[in-house]
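Here is the structure we will look at, set down as structure tokens.
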Amino acid sequence: MEEKLDLLKIREQISSLDNQLLGLAAKRRELTMNVAKSKAHIIRPVRDQQREQELLVKLIQQGKALGLDAHYVTRLFQLIIEDSVLNQQAFLQELKNPNTKTPTVSVAFLGDKGSYSYLASYRYFSRRAEEIIEYGCASFNDILNQVESGNVDYGMLPIENTSSGSINEVYDLLQHTNLSIVGELSQPIEHCLLSAGNTSLDAIDTIYAHAQPVQQCSNFLNKQSDIRIEYCESSADAMQMVEKLTQPNVAVIGSEEGGQLYGLQALQKGIANQEENHSRFILVARKPVDVAEQIPAKTTLILATGQAPGALVDCLVVLKQYDINMTKLESRPIQGRPWEEMFYIDLEANLKSIAMQECLTKLTELTRFIKVLGCYPSEQVNPTSVPFAALHNE
Ligand SMILES: C=C(O[C@@H]1C=C(C(=O)O)C=C[C@H]1O)C(=O)O
């Protein structure tokens, strides 16, 4: 009895401390927003990795004195710093594009509540809007139509995945749209096998899923004998189906978080081929945005070269001349022109920079067709590493 009372008391103390930690995290966030305001005036980059490293080394030392291990302190503060950087970026981006700041945004995404695109939309706008008007669509094409027609403000589209690669259908649609890419988001995709009610993996003979998760979980699926795959238009459709059927022999591939919206439970977690399974999403809108100078920017181009030897190399040499790093190069066939390719290129550059403008002029001379799909803030915040000595007591 005494032990039980003690447990309650200790838990109360823990909860009270957790609440204080949250209060401190909120205060820290407020201070970093003041830092962002100062950077807006003096035009300094949001990221200062030297300051981050100094901060981490000091915190590791202070943590050690309190009995906290170096890896724990590092991970904790890398997460806090990532949040700080992304919030500062969102703030400066709004300052640069005041017309895009609205408390309510309407977003088109694939599927219904609980789809991966739905979760990505909420995550992206959590720092940027107070309310989302959801617009679930049946296809990628429909998402673009909804934005193009002015029915919704934004469209969220998956573009690539660390297991299954590029999403070709989205690349092909981008060739013909007038929309601009205005943002990106990388989201961990944690596939689970979900079911309605009590059942076991052995009892499952039918799995409902979208084609992308099926590809990304092929190793797990190949190991299951006598399983039938029922393809659905989105993971949300698949989850709705399994919720409706409520049978012990059916399951669905989806996220645990999304499955909760349909009362589904995880029979098995982490079923993707790669443990680190991430998808990159792009956000499209009718008007392009300018990226604040303090933020690392990406520019996406599509271009077609002539059929001459080394034509693509000539374009890449121009990038080298202007010291512009390319983070992705993808090629897709051009409809009606057999064996000719359209190249999609992601560059680490701000479209408004002198280097990028000069580079574009040169590329235009070298290509048959060139179009800027958009310039947007890079959301990739690679954690600052700490020196080996700081981590290992030296
Ligand atoms: C808050 C700042 O901006 C960024 C975030 C940091 C943080 O959250 O501690 C540290 C350095 C910068 O990368 C700053 O420059 O001080």
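Here the Cβ of each residue, glycine as well, is placed from N, Cα and C on the backbone.
Counting every protein chain shown, 22 other Cβ atoms lie within 10 Å of the Cβ of Ser84 (substrate binding site). If you look up TrEMBL, you'll see Arg11, Arg28, Lys39, Asp48, Glu52, Ser84, Gln88 marked as substrate binding site.
The domain 'Chorismate mutase' annotation in TrEMBL covers 1-92. For the domain 'Chorismate mutase' (1-92), the model gives a mean pLDDT of 94.
For 106-286, the entry in TrEMBL reads domain 'Prephenate dehydratase'.
The domain 'ACT' annotation in TrEMBL covers 300-377.
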Using all protein chains shown, find which of the binding-site residues Arg11, Arg28, Lys39 scores highest when you count other CB atoms within 10 A of its CB. Lys39
Cβ under 6 Å from ligand 1: which of the binding-site residues Arg11, Arg28, Lys39, Asp48, Ser84 qualify? Asp48, Ser84
Could you find out if DSSP has Arg11 (substrate binding site) as helix, strand or coil? helix
Any idea of the Cα spread of the substrate site, Arg11, Arg28, Lys39, Asp48, Glu52, Ser84, Gln88, as a max distance in Å? 42
Lys39 (substrate binding site) falls, by DSSP collapsed to helix, strand or coil, into helix
